[in-house]
């Protein structure tokens with residue numbers, strides 16, 4: 001008989017609860033609930049609509065016979081048990097739905113993270129990496145630059161008083177605008193000249209310190225000044241047509257005593273053409289720090305012998 005009553009209760013509970021799909025469960029609201037009671041009301045909102053036994057439903061007991069009181073007690077116990085079973089069943093059902101919803105979200109996030117990035121996304125990152133490589137290699141080959149630059153390419157950067165640039169590039173007091181491939185090549189040539197000057201200054205410093213007494217002249221570096229950009233992977237933000245990252249730029253000279261280097265930090269913001277080539281690159285760095293970096297490179301003491 002108890003099993004029959006429980007089945008009838010489940011059927012009645014389903015009719016009273018109606019349908020409630022996992023998509024209707026507001027996981028975020030449940031997670032931010034201030035109390036367990038608030039969370040359960042959000043989890044099973046149908047509980048608010050379930051009928052409750054009002055006090056005095058069965059009238060005054062003092063006028064009932066002992067048999068009637070016993071029967072009333074049995075009826076009340078049956079109703080309490082029925083209500084408890086319904087509520088327990090409802091909680092379990094909704095907890096199962098919440099678990100299924102969370103699992104679906106987890107699986108969806110895992111699939112997105114496991115999926116390879118779109119081809120355009122990869123090509124854009126490669127274009128930024130190649131741009132920094134060419135700039136670090138002091139490249140003056142137009143064909144190499146055309147592979148990564150789109151038509152109408154624009155480079156913006158702070159004014160660089162430590163190296164030459166045309167006055168017309170200073171369109172704003174604090175921004176240089178280098179427009180087009182020819183202007184970019186001229187900017188790279190200017191950068192190369194500044195690095196070569198730092199290298200020559202290093203040689204003169206060596207001579208002043210008497211590091212080449214046998215030759216009685218400035219000892220030239222073993223090679224041209226090196227330039228390398230290293231992107232911080234944790235700083236990369238790539239959303240749609242915009243790519244941003246932090247980088248460290250290291251200038252180094254290998255003189256007779258060993259490698260001498262100095263580093264400064266900067267930020268890059270890049271946008272892209274429809275074919276995933278670079279439409280614009282905005283470099284942001286402290287020009288005064290870069291100037292000091294070059295000066296340090298000239299005057300830094302030679303490294304101890306290894």
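The backbone N, Cα and C atoms fix where each Cβ goes, and this holds for glycine too.
Note: TrEMBL annotation is automatic and uncurated.
What TrEMBL lists as compositional bias 'Acidic residues' is 1-17.
Under the heading compositional bias 'Basic residues', TrEMBL lists 52-63.
Taken residue by residue, the compositional bias 'Basic and acidic residues' (64-82) breaks down under DSSP into 17 helix, 0 strand, 2 coil. Here TrEMBL flags 64-82 as compositional bias 'Basic and acidic residues'.
Annotation comment: TrEMBL describes 65-134 as domain 'BZIP'.
Marked as region 'Disordered' by TrEMBL: 1-22 (among others).
Taken from TrEMBL, the feature region 'Disordered' applies to 50-84 (among others).
As annotated by TrEMBL, region 'Disordered' applies to 202-226 (among others).
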Quick one: average pLDDT across the domain 'BZIP' (65-134), no decimals. 83
